[in-house]
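Note sheet for the following structure.
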Amino acid sequence: MARPPVVGVFTERKPMRAWDAPASVTLPGQAALPRIFDTAAGEIVQVQEDKAASLYVCGITPYDATHMGHASTYVAFDLLHRAWLDAGVPVTYVQNVTDVDDPLLERATATNVDWRELAEDQTELFRTDMKALNVIPPAHYVGVVESIEWLFPLIEDLFRRGLAYRVPGFTDEQGVVHPDGDVYLDLKAVRELPANAEGYSWAPGEVCHLTRDEMLEIFAERGGDPNRAGKRDALDPLLWRVEREGEPSWDAGELGAGRPGWHIECTMIARRFVDGSLTVQAGGNDLTFPHHDLGAGHSWAVSARPHAKHYAHTGMVGLDGHKMSKSRGNLVLVSRLRAAGEDANAVRLAIMGQHYRSDWFWTDELLEHAKARLDTYRHAVSVAEGREGSEGVTDEAAVELLTTVREALGEDLNAPAALAAVDAWAVKALADTTVGGGALVRDILAARLGVVL
């Protein structure tokens with residue numbers, strides 16, 4: 001049954017809370033600033049932020065539980081967060097929650113659940129998964145619903161400057177009536193804006209490096225509407241969707257009742273909590289286009305500066321030969337693994353056994369290997385700790401391990417290399433009675449790899 005429109009919902013929502021942070025562990029010395037692969041640059045670059053850094057990782061649309069693809073992304077950029085902290089760099093971490101969107105509304109209707117309840121239930125499940133995986137929470141965890149009113153002046157300003165336009169309504173082939181007034185960003189007008197004082201101006205493709213034909217194909221696959229009647233350019237993204245019967249909507253004054261488009265939401269939240277360009281905009285590589293590429297255009301139109309200095313993306317995680325996705329239903333859920341008694345530290349180790357930019361497939365064998373690895377680490381650290389104070393015992397191997405782990409994670413978050421170094425230390429610790437430093441290794445695992453023994 002269609003649900004009635006809900007106007008002004010944001011006034012009913014409290015600010016979204018994140019999850020509890022894992023215990024903070026400080027290591028001796030200090031790491032170098034990390035280098036990461038910048039998708040826009042097409043190479044590994046030095047992240048030049050020695051005073052403060054900002055990180056925006058696109059959040060979930062909460063209509064289903066956290067699957068391994070989600071977990072892989074948030075664990076990967078948790079490693080970046082930890083790399084900065086170990087280098088003495090404070091981090092402003094922002095993450096959104098798309099708690100009103102078409103997939104969420106469709107799932108709520110299909111299951112006869114109020115969309116707000118569905119969003120809150122799945123967001124809470126996500127929080128518990130992230131806490132179990134020892135992911136450092138964002139300083140600003142922001143739902144779209146709670147922040148919709150911040151969008152109104154942004155879109156109105158784009159209108160005043162001739163960068164946004166309305167399209168007429170129409171009836172589609174299925175007989176669905178689309179009313180007058182949807183608002184789109186005019187990409188041609190945005191491209192024609194003059195360069196800023198630093199010489200920067202935005203153009204489509206600066207993040208994704210795709211041809212226009214490739215963009216058009218992907219745009220349709222990832223939530224875009226290239227064939228929408230009345231658009232000036234097929235790639236023009238939606239800014240404001242005017243009210244439809246049965247959908248939630250918000251009274252936006254001159255814009256009319258409706259709800260926001262996807263890309264402008266992240267632009268708005270990033271601008272709200274970070275002064276200037278983000279240090280790193282991150283997410284799965286399925287967000288490279290259209291979300292991050294066109295999102296950069298939104299930021300340029302709104303603020304006359306680059307959205308981010310760097311873009312970083314994780315590879316896709318699959319199961320049974322296909323990308324893991326909610327729509328396909330081939331999901332390995334973190335919550336189900338936890339409910340089955342699996343240690344979330346082992347799940348995290350299984351994820352970090354793959355390089356974050358690689359596409360990979362989840363298997364039971366990966367988890368079994370990670371569980372054995374975790375058992376070995378716990379045993380080796382315990383044995384090494386038990387030797388402390390004994391004659392001839394030294395922590396030299398642990399100190400060398402700290403250097404190796406820092407170097408591996410500092411070079412494009414190479415967690416597999418870091419774990420291989422811990423493996424080698426564990427073998428040595430179990431074979432050589434002079435190897436100590438167990439407490440330091442415990443701290444290395446907690447502080448840099450997010451693994452708690």
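For all residues, glycine too, the Cβ spot is worked out from N, Cα and C.
Taken from Swiss-Prot, the feature Zn(2+) binding site applies to Cys58, Cys266, His291. Per Swiss-Prot, the feature L-cysteinyl-5'-AMP binding site maps to Cys58, Gly59, Ile60, Thr61, Thr73, Asn96, Val97, Thr98, Trp262, Gly284, Asn285, Asp286, Val317. The motif ''HIGH' region' feature in Swiss-Prot is assigned to 60-70; the stated evidence is sequence analysis. If you look up Swiss-Prot, you'll see 221-226 marked as motif ''ERGGDP' region', on the strength of sequence analysis. Residues or ranges marked as motif ''KMSKS' region' by Swiss-Prot on the basis of sequence analysis: 323-327.
Swiss-Prot feature annotations superimposed on the structure.
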residue: Cys58; record: Zn(2+) binding site; DSSP (3 states): coil
residue: Thr73; record: L-cysteinyl-5'-AMP binding site; DSSP (3 states): helix
residue: Val97; record: L-cysteinyl-5'-AMP binding site; DSSP (3 states): strand
residue: Trp262; record: L-cysteinyl-5'-AMP binding site; DSSP (3 states): helix
residue: Asn285; record: L-cysteinyl-5'-AMP binding site; DSSP (3 states): helix
residue: His291; record: Zn(2+) binding site; DSSP (3 states): helix
residue: Val317; record: L-cysteinyl-5'-AMP binding site; DSSP (3 states): strand
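Outside the motif ''HIGH' region' (60-70), and at least 6 residues removed from its termini, the chain residues within Cβ reach (under 8 Å) are 97-99, 101, 103-104, 106-108, 118-123, 125-126, 129-130, 284, 316-317, 319, 323-326, 331-336, 351, 362. Non-local contacts of Trp262 (L-cysteinyl-5'-AMP binding site) by the CB criterion (under 8 A, 6+ apart in sequence, same chain) comprise Thr98, Asp101, Gly223, Pro237, Leu238, His291. Taken residue by residue, the motif ''ERGGDP' region' (221-226) breaks down under DSSP into 1 helix, 0 strand, 5 coil. Among the residues Cys58, Gly59, Ile60, Thr61, Thr73, Asn96, Val97, Thr98, Trp262, Gly284, Asn285, Asp286, Val317 said to bind L-cysteinyl-5'-AMP, no two Cα atoms are farther apart than 23 Å. Between the alpha carbons (Cα) of Val97 (L-cysteinyl-5'-AMP binding site) and Cys266 (Zn(2+) binding site) lies a span of roughly 9 Å.
Here Asn285 (L-cysteinyl-5'-AMP binding site) comes close to Thr39, His313, Thr314, Gly315, Met316, Arg357: these same-chain residues lie at least six apart in sequence, with C-beta atoms under 8 angstroms from its C-beta.
With a cut-off of 8 Å between CB atoms and residues at least 6 apart in sequence, the same chain places Gln95, Asn96, Cys266, Ala282, Gly283, Gly284, Leu287, His291 near Cys58 (Zn(2+) binding site), listed in sequence order. The binding-site residues Val97, Cys266 differ in how many other CB atoms lie within 10 Å of their CB, and the one with the most is Cys266. Residues near Ile60 (L-cysteinyl-5'-AMP binding site) in space but far in sequence (CB under 8 A, at least 6 apart, same chain), listed by position: Thr66, His70, Val97, Thr98, Gln122, Thr123, Phe126.
There are 24 other CB atoms within 10 A of the CB of Val317 (L-cysteinyl-5'-AMP binding site), with all protein chains counted.
The Cβ of Thr73 (L-cysteinyl-5'-AMP binding site) lies under 8 Å from the Cβ of Val57, Ala282, Gly283, Gly284, Thr314, each of these being in the same chain and 6 or more residues away along the sequence.
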